[in-house]
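Engineer: Handing you this structure, nothing more for now.
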């Protein structure tokens with residue numbers, strides 16, 4: 001079998017068809033018989049998958065996803081969850097044997113067969129009267145087999161004891177003997193069945209909500225893709241109409257180019273239509289999978305008792321989590337706009353007729369390439385008729401270069417009072433201002449990041465808020481400048497049409513300016529993200545610092561301030577001593593003394609300073625005030 005169960009989508013209504021039954025195999029269309037689970041979360045009967053494996057890999061018939069097989073059987077593992085639902089459904093009732101006489105009861109005899117909830121065994125009508133006639137069985141709960149209680153306590157397969165506890169660590173049901181055999185560390189993870197059931201239901205509900213959210217997003221993505229398919233169709237039709245309208249006025253000279261343009265539009269249409277439909281087909285295979293698993297969750301909750309839920313519930317949760325965490329392409333991979341650059345092509349084709357200069361045609365081609373996203377020359381290149389637009393790829397207006405500043409300086413050095421030169425003068429001033437603010441923010445964020453990670457210093461939350469506020473303000477300024485710059489494109493376009501020889505350089509500078517602003521904005525976004533990431537850590541560290549060391553900064557600041565005052569006073573006293581004219585005679589007398597005593601003035605001037613420093617330290621230790629002036633001995 002090719003595996004193409006879901007055929008090509010014929011329209012939006014095909015996605016609204018009723019989904020398949022969750023207990024019916026998509027290949028054989030009957031109830032599952034030993035269902036096997038693939039890595040893509042699709043289930044198939046073991047018989048339907050037998051013989052499909054190649055080199056240890058099995059390709060899913062629905063989504064073509066390959067599953068690596070483990071083991072010599074050549075089949076994926078049995079889906080215990082789906083097998084439980086099949087066994088628990090009404091269509092999967094097996095033959096029951098009487099526990100006393102081994103009489104097999106068929107499906108027609110289910111109503112005449114009984115089940116003892118106390119003994120946990122099925123009984124036929126004759127054995128019910130014979131074995132449970134005694135008085136000791138008078139309190140046994142005997143009901144019809146179809147009405148037996150699903151809450152009958154299951155027993156441990158190792159110790160034949162009823163399950164009492166559940167290990168949240170190993171996800172296993174435990175009897176009392178299993179609990180005694182466990183290590184003491186593992187016993188802390190054991191809870192009673194009721195608590196484990198409540199916790200499991202809560203976790204399963206969260207998983208179901210995640211799947212429902214993915215289901216809603218998938219439906220929205222499918223609707224969006226369907227709308228984009230229609231937009232592609234309408235866009236192609238509009239583009240063809242425009243091409244036909246322009247071709248009608250110049251039929252003789254544009255016959256060959258018309259066919260080429262239509263071929264380009266058709267090629268783009270087929271490419272985009274194929275891409276959208278492939279993505280749509282992928283999402284269409286995902287949606288039934290989500291629906292099936294939601295139905296499985298609902299059926300499992302209604303059919304499973306507590307023990308069965310705890311036995312299989314976490315497997316279901318892991319499966320739902322796996323479905324949600326798988327990569328799903330919910331967004332369109334390309335735009336729905338089709339552009340053929342027909343105006344530039346027609347202008348080039350009509351150049352001999354309309355006597356257009358090559359530079360003017362080049363300007364029209366570059367403008368059309370800008371509007372069409374640069375798709376024109378590549379889209380119009382055919383296998384047998386190469387487009388002459390390819391020769392225009394050497395146009396100087398391609399992308400911003402790294403020599404914008406040099407080109408701007410050369411342009412301004414010419415001294416001409418053109419509109420673009422005035423714009424460049426204004427732009428350079430504003431850009432320099434924005435760049436300076438950006439550099440300031442960079443330095444500040446780097447310093448804060450270094451203080452936080454390397455020095456582990458205390459950073460106030462107000463500082464981070466101020467940095468974030470400045471970053472947002474800078475982003476607004478950059479956006480405003482970019483919008484203002486973008487709004488002048490029309491004005492400059494008219495000037496470039498009139499004087500194209502100078503426009504080539506000006507356009508290069510202009511595009512580079514836009515690129516610089518976008519780069520600044522991107523850097524600012526990075527800084528904003530880093531600031532937002534650092535802010536919670538700064539606040540938490542500040543709170544811890546305030547709790548642990550509330551008076552950590554005060555003594556250090558007072559001591560540093562007092563030392564600074566001492567140093568400033570000593571310098572002021574030295575300066576006043578030099579400026580005092582009364583010290584001149586004394587200095588002359590000292591200079592007349594022998595040279596052997598020339599060290600004495602320095603010693604006398606340094607000794608009071610040392611004494612004053614010792615006096616300052618002693619007063620600071622004793623809690624005294626620090627003097628702001630000093631007395632020099634005469």
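Glycine too: its Cβ is placed from the backbone N, Cα and C atoms.
Swiss-Prot lists 98, 101, 127, 132 with the feature Zn(2+) binding site. Residues or ranges marked as coiled coil by Swiss-Prot: 422-457, 494-518. According to Swiss-Prot, the region 'Disordered' annotation covers 552-634. Positions annotated as zinc finger by Swiss-Prot, on the basis of sequence analysis: 25-64, 93-145.
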Engineer: Give the sequence-ordered list of residues that share a chain with residue 132 (Zn(2+) binding site), lie 6 or more positions from it, and have CB atoms under 8 Å from its CB.
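Structural biologist: Listed in sequence order: 116, 123, 140, 142.
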Engineer: Using a Cβ-Cβ cut-off under 8 angstroms and a sequence gap of six or more, which residues of the chain neighbour residue 127 (Zn(2+) binding site)?
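Structural biologist: When sequence neighbours closer than 6 are ignored, residue 127 (Zn(2+) binding site) has 98, 99, 100, 101, 103 within Cβ distance under 8 Å.
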Engineer: Report the residues of the chain - excluding 98, 101, 127, 132 - with C-beta within 8 Å of the mean position of the site's C-beta atoms, for the recorded Zn(2+) site, in sequence order.
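Structural biologist: Surrounding the site, in chain order, are 99, 100, 103, 123, 124, 126, 128, 130, 131.
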Engineer: Let me spell it out: for each of the binding-site residues (98, 101), count the other Cβ atoms within 10 Å of that residue's Cβ, using every protein chain shown. Which one has the most?
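Structural biologist: That would be 98, with the highest Cβ count within 10 Å.
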Engineer: What does the DSSP secondary structure composition of the zinc finger (25-64) look like, as residue counts for helix, strand and coil?
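Structural biologist: Per-class counts: 4 helix, 11 strand, 25 coil.
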